[in-house]
Amino acid sequence: MTKRQPLYKSLYVQVLVAITIGILLGHYYPETGVALKPLGDGFVKLIKMVIAPIIFCTVVSGIAGMQSMKSVGKTGGYALLYFEIVSTIALIIGLVVVNVVQPGAGMHVDVSTLNASSVAAYAAAGAQQTTVGFLLNVIPNTVVGAFANGDILQVLMFSVLFGFALHRLGSYGKPVLDLIDRFAHVMFNIINMIMKLAPIGAFGAMAFTIGQYGVGSLVQLGYLMACFYITCILFVLVVLGGICRAHGFSVIKLIRYIREELLIVLGTSSSESALPRMLAKMERLGAKKSVVGLVIPTGYSFNLDGTSIYLTMAAVFIAQATDTTMDITHQITLLLVLLVASKGAAGVTGSGFIVLAATLSAVGHLPVAGLALILGIDRFMSEARALTNLIGNAVATVVVAKWVKELDTDQLQAELASGGSPLVDTRPTDDLGVAEGPAR
């Protein structure tokens, strides 16, 4: 029988306490809270520092170790099919809820009185977002550039090609594969060290958020926030919960299993901050490395359920608040634009707002200056977006793995029943005594 870890050593408890202290400090000492922003930024940068090499190692090791290349194409095809269906459902749910509840009705905001300069940078960034540009951006100018910029899709593109090439070499490429596996062990050990700083990062980020924007900004547009949070909760419990039940597992148990990652995301407002740990945890949950390596990184651009809900709700809210007519034709057009635009949102803080700006620019019917209405509360809404995105990608990984018969269901049930013990304590060690990454 394993000795139970003391409560104060649990990362879950440490991050939760840090977030609470950050909220209190930001509220009562806002200037001090704002000054702590570098703590949150520094932690997120440390995580981003190792995301690219971890994705590379995971994807290459998974693909190169597969028996057949057909299974890679099958996994990718099923993943994209799942992403498109579920994210479309999320967009429609957001559209339905905002039309039924109408959180912006009665505000009668005059667009000419809004401070458009406050959102000019977002509008300019959004105007540059095009479908062709997005697709071309997946191809890196140089391999080094992809890793230097930390662009997930560019790194994924190169990693898949590298994995295919290494697989074709057969036994001749095995020394390279072994080297990559050992390099992965080093990267995951770095992640273990960085995660010890998670409470500090969450504390600094939350103190800054409350200190900068204040609790008062939550009250002003609280109706929209409440609608959005409730919609995200219902989406997770009803839609994702239904998908989980149909595939033989519980979404509640899955949420409990990834609770530490969810708290890290809550503190940083970026689902990207939990990506390295999610790669390891989903594999430990019973999904094969090849599936995890493809689904998780791709999902960070193509399966952002929380962002999809936010985009439709925010766009129609702006129309309602500014008394802009949105008939059925306009709303269908909005939905079609978002089906494409939502795929360009990465799992980083602020990306959803940029995609919203791009959508308003593309539709043309909605006032881009209306972004100023939700600029103050967007940072608070980003938590719900990031949490929903993370849960959605966890569900997608298990479901796709089951579809392609690359899921150990016994291991899945055992891990979910255990509640997910700390990742660092469950790693086996190799003959050098070094903690390993997930088994291939």
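Every residue gets a Cβ built from N, Cα and C, even glycine.
Sequence annotations record features per position, and here Swiss-Prot assigns region 'Disordered' to 419-440.
Positions annotated as transmembrane segment by Swiss-Prot: 15-35 (among others).
The feature transmembrane segment is assigned by Swiss-Prot to 46-66 (among others). Residues of the same chain lying 6 or more positions beyond the ends of the transmembrane segment (46-66) and with a Cβ under 8 Å from any Cβ of it are 72, 146-147, 150, 152, 155-156, 158-160, 162-164, 166-167, 173, 177, 180-181, 183-184, 187-188, 190-191, 194, 197, 272-273, 275-276, 279, 288-294, 297, 437-438, 440.
Residues or ranges marked as transmembrane segment by Swiss-Prot: 78-98 (among others). With a threshold of 8 Å between CB atoms, the same-chain residues lying at least 6 positions outside the transmembrane segment (78-98) that come near it are 227, 231, 234-235, 239-240, 243, 294-295, 298-299, 302-306, 308-313, 316-317, 320, 331, 334-335, 338-339, 342-343, 392, 396, 399-400, 403-404.
Outside the transmembrane segment (146-166), and at least 6 residues removed from its termini, the chain residues within Cβ reach (under 8 Å) are 48, 51-53, 55-56, 59-64, 69, 72, 137-140, 173, 176-177, 272, 293-294, 297-298, 300-301, 346-347. According to Swiss-Prot, the feature transmembrane segment maps to 146-166 (among others), an assignment based on sequence analysis.
For 190-210 (among others), the entry in Swiss-Prot reads transmembrane segment.
Annotated transmembrane segment per Swiss-Prot: 224-244 (among others), in sequence order. For the transmembrane segment (224-244), the residues of the chain that approach it from at least six positions outside its boundaries are 86, 89-90, 93-94, 97-98, 101, 103-104, 218, 250-252, 254-255, 305-306, 309-310, 313-314, 317, 374, 377, 380-381, 384-385, 387-388, 391-392, 395, 398-399, judged by C-beta separation under 8 angstroms.
Within the chain, the transmembrane segment (291-311) has long-range Cβ neighbours (under 8 A, six or more residues past its boundaries) at 55, 58-59, 61-63, 72, 75-76, 79-80, 82-84, 86-88, 90-91, 93-94, 152-153, 155-156, 159-160, 228, 231-232, 235, 240, 271-272, 275, 278-279, 282-283, 338, 341-347, 351-352, 355-356, 359, 381, 384-389, 391-393, 396-397, 400-401, 404, 406-407, 438. Positions annotated as transmembrane segment by Swiss-Prot: 291-311 (among others).
Taken from Swiss-Prot, the feature transmembrane segment applies to 332-352 (among others), supported by sequence analysis.
According to Swiss-Prot, the feature transmembrane segment maps to 354-374 (among others).
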